[in-house]
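Database features, via TrEMBL:
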type: REPEAT; residues: 134-167; note: repeat 'TPR'
type: REPEAT; residues: 168-201; note: repeat 'TPR'
type: REPEAT; residues: 202-235; note: repeat 'TPR'
type: REPEAT; residues: 236-269; note: repeat 'TPR'
type: REPEAT; residues: 270-303; note: repeat 'TPR'
Amino acid sequence: MFKFNGSVYFTLLIILINLQLTGCSSQSKKDASDFFLKANAALAKNNYEEALKWYDEAIAKNEDFSDAYLNKGIVLTKLHRTELAYECLTTALAKDPTLLQAHMARAEVALLLGKIQIAQEDLSSIKTAYQDSSHYYLVSGNLLTQQGQPGQALTAYDRAIQLASDHVEAYVNRGYLYYHENNLKLAEQDFLQALKINPTQTEALNNLGLIATQNQQYPLAQGYFDRALQLKPNDAYSLNNLGYVLLQLNENEQALKNIQKSITILPTNGYAHRNLGLYYAQQSDWAKAITAFQKAIEIADPVDGLYAAAGMAYFKSGQAATACKLWTQGQLLKDSTAIQYLQAHCK
């Protein structure tokens, strides 16, 4: 499966506090400020749990501390506690609606949660202030991509790169759009540029592996997926994609291990269940192949070649009528292999 870089990349917000500007000289406000600075120091060192503890201490001393809620929301996002991050950032904005950084941060988290309208409202509210921000245009491009507006998204990513030529995520996400426009050359250029800037960019490695797979350059694809997995050994997408490549290279048992591990990590990936079905089909174990293909169909996400492969498994097991129904469905999805099978085996 192709990987769009929808991850949140926050710039660390370090707010320096001048106690005279808080309008309060109480001990509790001073303690809150001290805890906040300790939290920022921990966050700067990527000590997220420690930072979270100190932000909570700061909030306990000053429940109106909007900046503490903002940075706590950022930490929660980095810890993949997305719903809690969204709630925390919403609280920050309730405390201080003018806190622009909170609008940006919440827009990113809202996208991760599928709250498209909230993301759009947050980005609109800071458009003028962030007109020279590369990161703003990255997030805007992500929003437009989710809204099904690839042309406008490309324009946003172009602007992000104009403002910051080393913006890795903008290259990855623009390459994602080029890929889905079937412009593999431009997609490959963007992914290679992303790797030039950051050789550990796993999404770029995964996507280059998929381009090589599509070009049937299986050893090259294997190399990209291996590199991605060296960096993220439990990445479900790269595990599954490597599994598919290994099937093409007749390394079936290692392929099976990768595909099964991918499913364990991410059981909702239809491509992994399809690939598991392809493994069993290669073994002529049609019953297990059918079970895997049906699971992929039940997930109801578009999966290339699924109906062609599933139909053939039913056909080989003597269930021609079901096979023809599946190939007919594949024909509706413009699956060329399913169309060939339908014409060859069904009246």
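Cβ atoms here come from the backbone N, Cα and C positions, even for glycine.
Secondary structure of the repeat 'TPR' (168-201) per DSSP (helix as H, G, I; strand as E, B; remaining residues coil): 27 helix, 0 strand, 7 coil. Within the model, the repeat 'TPR' (270-303) carries an average pLDDT of 96.
Note on the repeat 'TPR' (236-269): DSSP counts are 27 helix, 0 strand, 7 coil.
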